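Note sheet for the following structure.
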């Protein structure tokens, strides 16, 4: 018999899972239909579609972990499962990073030759960013496969340990390398890009307020809306990364509140940010409304 708080947690996990599948599925379907109609896909749509596919698989794994936690199902821990998990997790992180870079290059206004070069070529660089991410993540997986006996399973064992003590192993150098390669590099790139974008949008908003103070101008709220969207992206991305670091370095009892809270927050990012992307994209928002209206009519 499940305890009441576990039942509530599982219901929240199911809602989170369905929301993540729906929001990311909308992105994939809408962009897929556009690809079939026009025989081509815009760079941003390509990046969003790849990110949405990776998040669907990530959401599936998070829900699988929730089922394991709630119902005490035995987790089959083998090299293949660990490699797939690592690949999906790292690829999603890098694609989200490149999305932040893309927004920064397209929207931010920075007077620097390197930034001007990036702004002019970012659309052409998107396929190479995706390909580079695939190759980089594959190299990380190959590195982990050489240490499959203790490295990747060691990461997963932290999810299912009965103690709360910090892990201490003779693999400190490998752990530091893994942290830098898997978390620090994409996080630093993302932070630089998003902070530049936030400062640029903030400066633009102040200029608009000074220029048109006391008057109503169409589109005046657009920079503020974009700024709030980017800030929410930053908060979700950063909290997602930090919680992954905590789960990688500490042991938790699987049914304690802090562990359940961490797993729930990890799942909020791939579903919550995709919802923000849909609400901020007129094409995706319109198609999502059409889908919901069609679903109501069919009932």
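The backbone N, Cα and C atoms fix where each Cβ goes, and this holds for glycine too.
Here Swiss-Prot flags 1-9 (among others) as topological domain 'Extracellular', drawing on sequence analysis.
Sequence annotations record features per position, and here Swiss-Prot assigns transmembrane segment to 10-30 (among others) based on sequence analysis.
Feature annotation from Swiss-Prot assigns topological domain 'Cytoplasmic' to 31-55 (among others); the stated evidence is sequence analysis. Taking DSSP states H, G and I as helix and E and B as strand, the topological domain 'Cytoplasmic' (31-55) has 21 helix, 0 strand, 4 coil.
Taken from Swiss-Prot, the feature transmembrane segment covers 56-76 (among others).
Summarising the annotation, Swiss-Prot assigns topological domain 'Extracellular' to 77-81 (among others) and lists sequence analysis as the type of evidence.
What Swiss-Prot records for 82-102 (among others) is transmembrane segment, and it gives sequence analysis as the kind of evidence.
The topological domain 'Cytoplasmic' annotation in Swiss-Prot covers 103-124 (among others). Here the topological domain 'Cytoplasmic' (103-124) has a mean pLDDT of 86 out of 100.
As annotated by Swiss-Prot, transmembrane segment applies to 125-145 (among others).
Residues annotated as topological domain 'Extracellular' in Swiss-Prot: 146-178 (among others).
Annotation source Swiss-Prot lists N-linked glycosylation site at 163, citing sequence analysis.
If you look up Swiss-Prot, you'll see 179-199 (among others) marked as transmembrane segment, on the strength of sequence analysis.
Annotation comment: Swiss-Prot describes 200-222 (among others) as topological domain 'Cytoplasmic'.
Look at Swiss-Prot and you will find 223-243 (among others) tagged as transmembrane segment.
Per Swiss-Prot, topological domain 'Extracellular' is recorded for 244-257 (among others).
Long-range contacts of the transmembrane segment (258-278) within the same chain: residues 9, 12-13, 16-17, 19-20, 23-24, 26-27, 48, 52, 55, 58-59, 62-63, 65-66, 69, 92, 96, 159, 229, 232-233, 236-237, 239-240, 243-244, 246-247, 252, 284-285, 288, each at least 6 residues beyond the stretch ends and with a Cβ under 8 Å from a Cβ of the stretch. Positions annotated as transmembrane segment by Swiss-Prot, on the basis of sequence analysis: 258-278 (among others).
According to Swiss-Prot, the topological domain 'Cytoplasmic' annotation covers 279-299 (among others).
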Stretch contact, the transmembrane segment (179-199) with the transmembrane segment (10-30), Cβ-Cβ under 8 Å, 3+ pairs: no
Residue counts (helix, strand, coil, in that order) that DSSP gives for the topological domain 'Cytoplasmic' (103-124): 17 helix, 0 strand, 5 coil
